[in-house]
Amino acid sequence: MFMGTVGEAANKEANRSLSEKKPTVVFVLGGPGSGKGTQCAKIVQHFGYTHLSAGDLLRAEISSGSENGTMIQNMIKEGKIVPSEVTIKLLQRAMTESGNDKFLIDGFPRNEENRAAFEDVTKIEPAFVLFFDCSEEEMERRVLNRNQGREDDNIETIRKRFKVFLDSSLPVIDHYKSRGKVRKIDAGRPVEEVFESVKDVFTSKNEKAD
């Protein structure tokens with residue numbers, strides 16, 4: 001009980017110091033093969049943001065062999081969804097440890113529950129949402145062509161992942177669109193053309209939303 005209380009106090013302290021810093025957070029959303037990873041790397045290079053991938057943080061925690069990592073691994077094995085709070089704590093820790101105050105959060109929030117929990121726990125609202133919009137046909141072509149040796153890169157799985165993205169992420173995009181915070185990028189074009197549009201968004205962060 002005592003340890004839990006100490007842990008909770010430390011978490012509250014971390015939350016407070018992070019929200020007091022008033023960091024700039026940009027959520028980056030796009031389906032599989034939309035090219036968001038490539039674009040995030042370019043944003044980091046040009047604009048000095050720290051790129052945080054929710055999936056990478058979860059995988060790193062599992063690899064660390066920590067108690068938390070073992071719990072996450074077991075949940076994934078059992079086909080359970082990792083609770084929002086677990087992912088948010090990993091994001092908060094990474095944000096605090098980075099020493100930066102500008103973050104790209106990639107692949108999160110995956111659904112409305114993630115979104116509400118992030119704002120509730122961190123007291124941070126994103127500056128805007130960068131949405132890489134790409135047709136299903138183009139995403140399929142890209143995912144099948146990239147030779148990453150991923151077992152889940154067959155056509156049926158790609159279609160399932162795309163459907164999951166649409167069903168769960170579009171309500172998040174709609175929520176932020178109603179608040180004028182969505183910056184939609186046509187991601188079906190070549191990488192450099194897409195980045196020209198991305199640069200426009202980051203050099204005029206207060207531009208009118210799509």
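Each Cβ is built from the backbone N, Cα and C atoms, and glycine gets one as well.
Bear in mind that the values here come from a model prediction, so they are computed numbers and not experimental data.
The following features are taken from TrEMBL:
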BINDING   GLY33, SER34, GLY35, LYS36, GLY37, THR38, ARG146, ARG189  ATP binding site
BINDING   ARG59, LYS80, ILE81, VAL82, GLY107, PHE108, PRO109, ARG110, ARG150, ARG161  ribonucleoside 5'-phosphate binding site
BINDING   ASN114  CMP binding site
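Shown on the structure are the features that TrEMBL records.
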residue	record	contacts (Cβ under 8 Å, 6+ apart)
GLY33	ATP binding site	CYS134, GLU138, MET139, GLU140, ARG141, ARG142, VAL143, ARG146, ILE158
GLY35	ATP binding site	PHE132, CYS134, ARG142, ALA187, VAL191, VAL194
LYS36	ATP binding site	VAL28, LEU29, GLY30, ASP106, GLY107, LEU130, PHE132, ALA187
GLY37	ATP binding site	SER53, ASP106
THR38	ATP binding site	VAL191
ARG59	ribonucleoside 5'-phosphate binding site	none
PRO109	ribonucleoside 5'-phosphate binding site	PHE27, SER84, ARG115, ALA117, PHE118, SER169, VAL172
ASN114	CMP binding site	SER84, THR87, PHE108, VAL172
ARG189	ATP binding site	none
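Within the same chain, residues at least 6 positions away in sequence whose Cβ sits under 8 Å from that of ILE81 (ribonucleoside 5'-phosphate binding site) are MET75. Every protein chain considered, the tally of other Cβ atoms within 10 Å of the Cβ of ARG146 (ATP binding site) stands at 11. Taking Cβ-Cβ distances under 8 Å and a sequence separation of 6 or more, the neighbours of SER34 (ATP binding site) in its chain are PHE132, ASP133, CYS134, MET139, ALA187. Neighbour count (other Cβ atoms within 10 Å of the Cβ, all protein chains): 21 for GLY107 (ribonucleoside 5'-phosphate binding site). When every Cα pair among GLY33, SER34, GLY35, LYS36, GLY37, THR38, ARG146, ARG189 is compared, the largest distance found for this ATP site is 16 Å.
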